[in-house]
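Structure record follows, encoded as structure tokens.
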Amino acid sequence: MTRPSVKLLTTLLACLMEMLNFRVSSGKDPDLLSSSSSSMSPSDFLDKLMGRTSGYDARIRPNFKGPPVNVTCNIFINSFGSVTETTMDYRVNIFLRQKWNDPRLAYSEYPDSSLDLDPSMLDSIWKPDLFFANEKGANFHDVTTDNKLLRIFKDGTVLYSIRLTLILSCPMDLKNFPMDVQTCTMQLESFGYTMNDLIFEWLDKGPVQVADGLTLPQFLIRDEKDLGYCTKHYNTGKFTCIEVKFHLERQMGYYLIQMYIPSLLIVILSWVSFWINMDAAPARVALGITTVLTMTTQSSGSRASLPKVSYVKAIDIWMAVCLLFVFAALLEYAGVNFVSRQQKEFLRLKRRQRRTQKEEDLQDGRLHFSSYNTTTCVKDGAVVKNTQVNQIQQPSILKNTETNRKKFVDRAKRIDTISRAAFPLAFLIFNVFYWITYKIIRHESARKD
């Protein structure tokens with residue numbers, strides 16, 4: 001072999017080796033990639049990806065000085081706890097999931113399409129500074145270990161999931177209580193990064209998921225949930241914010257059993273006095289006072305679990321009207337008693353008039369004696385017999401007295417008779433207007449809103 005041929009062969013062999021080295025270093029050859037990855041341990045790979053020797057800095061956001069980082073969020077609701085009217089808040093247990101792309105974490109030297117890392121690695125990477133704007137209290141879960149998930153994909157996409165229990169503020173409008181529909185909001189906001197650096201968005205598919213069979217004691221969670229943006233403007237800048245609104249429809253079965261039906265029965269019980277004899281004053285008065293006091297206690301109990309708001313609620317109107325009907329039934333007997341006693345007052349007035357007339361006759365010197373059909377009159381010291389005088393006959397007095405007594409008693413009985421029909425009819429009319437207004441008109445209006 002000639003010298004030029006050997007030189008040419010050597011040059012070709014060197015070029016081939018250079019090409020092979022380039023393909024190995026660039027990771028484009030699958031076979032060489034497999035052999036290289038098998039020789040690299042996971043610990044070495046993680047150190048190379050985000051360790052001290054990688055040059056990765058968790059203090060700097062992805063695309064620094066470039067476009068903002070888009071973070072897609074979705075939540076999974078494990079449980080929806082108690083909704084408290086007095087403090088106007090609600091408790092919820094969720095999985096919060098955030099996903100964003102960090103080009104510095106993209107890899108090709110490892111065969112797996114994604115890496116599930118220990119939660120302790122969260123301190124080694126950059127994370128969004130998300131917080132809940134309407135949060136009143138929160139806590140993490142660490143039984144039996146930290147309930148956190150970190151997953152990194154080949155293209156640098158990072159999935160961060162965490163389990164939280166939150167107490168969130170929920171301003172309530174209780175005008176239609178207990179037939180109200182409440183709208184409770186959850187707001188996710190960036191604390192320090194403005195919209196030039198960070199933007200939150202809802203996941204396109206299934207942004208808010210609810211566990212199967214999730215129920216609340218007093219509320220029904222509607223299927224529709226309003227998703228939107230709630231961008232906040234402060235003196236320090238414009239901050240990204242997304243929100244979800246939960247529509248909670250109150251189930252009034254508890255209040256129907258504990259408040260409406262007992263108060264209804266108390267009102268009906270107060271009407272029993274209309275069938276009791278008006279002469280049985282102790283029985284009717286005791287029944288009236290008992291129902292009034294019971295209704296007052298019931299009304300106070302209905303407000304014990306509610307905040308001291310300045311407006312009138314639906315339950316307040318119901319309790320006030322029931323108390324009014326019970327008190328009116330007690331006043332009705334007072335009126336009946338007063339009318340029935342007018343006959344005694346009338347007789348007392350007649351006796352007073354006759355006594356006054358006799359006194360006037362004595363002062364005028366006239367005195368009448370009636371005996372054995374002979375009338376004797378003493379006038380000016382002289383006795384005059386057979387004087388014609390208008391005498392009040394005793395049978396006539398008794399007859400007039402009985403007539404007057406019967407007239408007043410009939411009036412009192414008529415009041416009781418009218419009340420037996422008027423009170424139930426008035427209460428029925430009130431119920432028709434009350435339930436149509438609150439259960440149909442206002443309730444449907446709240447559902448549409």
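All residue numbers here begin at 1 and follow the chain in the order shown.
Just so you know, glycine gets a Cβ as well, placed from its N, Cα and C.
These come from Swiss-Prot:
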BINDING   Arg97  strychnine binding site
BINDING   Arg97, Ser161, Thr236  glycine 1 binding site
BINDING   Arg97, Ser161  glycine 2 binding site
BINDING   Glu224, Asp226, His247  Zn(2+) binding site
BINDING   Thr236  glycine 3 binding site
DISULFID  Cys170-Cys184  disulfide bond
DISULFID  Cys230-Cys241  disulfide bond
CARBOHYD  Asn70  N-linked glycosylation site
SIGNAL    1-27  signal peptide
SITE      Leu293  site 'Important for obstruction of the ion pore in the closed conformation'
TOPO_DOM  28-255  topological domain 'Extracellular'
TOPO_DOM  277-282  topological domain 'Cytoplasmic'
TOPO_DOM  303-313  topological domain 'Extracellular'
TOPO_DOM  335-420  topological domain 'Cytoplasmic'
TOPO_DOM  442-449  topological domain 'Extracellular'
TRANSMEM  256-276  transmembrane segment
TRANSMEM  283-302  transmembrane segment
TRANSMEM  314-334  transmembrane segment
TRANSMEM  421-441  transmembrane segment
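Features per Swiss-Prot, on structure.
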{"residue": "Asn70", "record": "N-linked glycosylation site", "Cβ within 10 Å": "14"}
{"residue": "Arg97", "record": "strychnine binding site", "Cβ within 10 Å": "18"}
{"residue": "Ser161", "record": "glycine 1 binding site", "Cβ within 10 Å": "16"}
{"residue": "Cys184", "record": "disulfide bond", "Cβ within 10 Å": "23"}
{"residue": "Glu224", "record": "Zn(2+) binding site", "Cβ within 10 Å": "8"}
{"residue": "Asp226", "record": "Zn(2+) binding site", "Cβ within 10 Å": "12"}
{"residue": "Cys230", "record": "disulfide bond", "Cβ within 10 Å": "16"}
{"residue": "Thr236", "record": "glycine 1 binding site", "Cβ within 10 Å": "8"}
{"residue": "His247", "record": "Zn(2+) binding site", "Cβ within 10 Å": "19"}
{"residue": "Leu293", "record": "site 'Important for obstruction of the ion pore in the closed conformation'", "Cβ within 10 Å": "11"}
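Other C-beta atoms found within 10 angstroms of the C-beta of Cys170 (disulfide bond) number 21, with every protein chain shown included.
Stretch with the most C-beta contacts under 8 angstroms to the transmembrane segment (283-302), considering only 256-276, 314-334, 421-441: 314-334. The full span of the recorded glycine 1 binding residues, Arg97, Ser161, Thr236, taken as their largest Cα to Cα distance, is 29 Å. The two recorded residues, Cys184 (disulfide bond) and Ser161 (glycine 1 binding site), show a Cα separation of 23 Å.
Neighbours of the residue listed as 'strychnine binding site' among the recorded positions Asn70, Ser161, Cys170, Asp226, Cys241, His247, defined as a Cα within 10 Å of its Cα, are Ser161. Here Leu293 (site 'Important for obstruction of the ion pore in the closed conformation') is compared against the recorded positions Cys170, Cys230, Thr236, His247, and the shortest C-alpha distance is to Cys170. Here the topological domain 'Extracellular' (303-313) has a mean pLDDT of 89 out of 100. Beyond its flanks by at least six residues, the topological domain 'Extracellular' (303-313) meets 85-88, 174-177 of its own chain at Cβ-Cβ distances under 8 Å. With helix defined as DSSP H, G or I and strand as E or B, the topological domain 'Cytoplasmic' (277-282) counts 2 helix, 0 strand, 4 coil.
Among the recorded positions listed here, namely Asn70, Ser161, Cys241, Cys241 has its C-alpha nearest to that of Asp226 (Zn(2+) binding site). Listed as Cβ neighbours of the topological domain 'Cytoplasmic' (277-282) (distance under 8 Å, sequence separation of 6 or more from its ends, same chain) are residues 333, 336-337, 340, 412-413, 416. Close to the recorded Zn(2+) site, the chain also has Thr183, Arg222, Lys225, Lys245, Phe246: residues not among Glu224, Asp226, His247 whose Cβ is within 8 Å of the site's Cβ mean position. When secondary structure is read from DSSP and collapsed to three states, Glu224 (Zn(2+) binding site) falls in the coil class.
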